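Q: I am attaching a structure below and will ask some questions about it afterwards.
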Amino acid sequence: NSGNPCCDPVTCQPRRGEHCVSGKCCRNCKFLRAGTVCKRAVGDDMDDYCTGISSDCPRNPYKD
């Protein structure tokens, strides 16, 4: 993905000094801060939050 500024064009891994290439918890090649909402609640659901150590948006563990 040579069009992604976070991605090394040869390996498509994060460039040196960058944390991530893509994901709901990745912005400007860095992980979003822990506690940042990455998925808003719908209905009786609860918000999902970034962990600060991953680009993934984990499911809230307190959901039923």
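Every residue, even glycine, has its Cβ placed from backbone N, Cα and C.
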Q: Of the cysteines CYS12, CYS26, which is paired with CYS20 in the disulfide recorded by Swiss-Prot?
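A: In Swiss-Prot, CYS20 forms its disulfide bond with CYS26.
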Q: What residue among CYS25, CYS29, CYS38 is stated in Swiss-Prot to be the disulfide partner of CYS6?
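A: It is CYS29, per the disulfide annotation in Swiss-Prot.
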Q: Using a 10 Å cut-off between Cα atoms, which of these disulfide-bonded residues sit near CYS29 (disulfide bond): CYS20, CYS38, CYS50, CYS57?
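A: If one measures from the Cα of CYS29 (disulfide bond), the disulfide-bonded residues that come within 10 Å are CYS20.
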Q: Given the disulfide-bonded residues CYS6, CYS38, CYS57, tell me which ones have a C-alpha lying within 10 Å of the C-alpha of CYS25 (disulfide bond).
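A: Hits: CYS38, CYS57.
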Q: How big is the Cα-to-Cα gap, in Å, between CYS20 (disulfide bond) and CYS6 (disulfide bond)?
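A: Distance between the two Cα atoms comes out at 7 Å.
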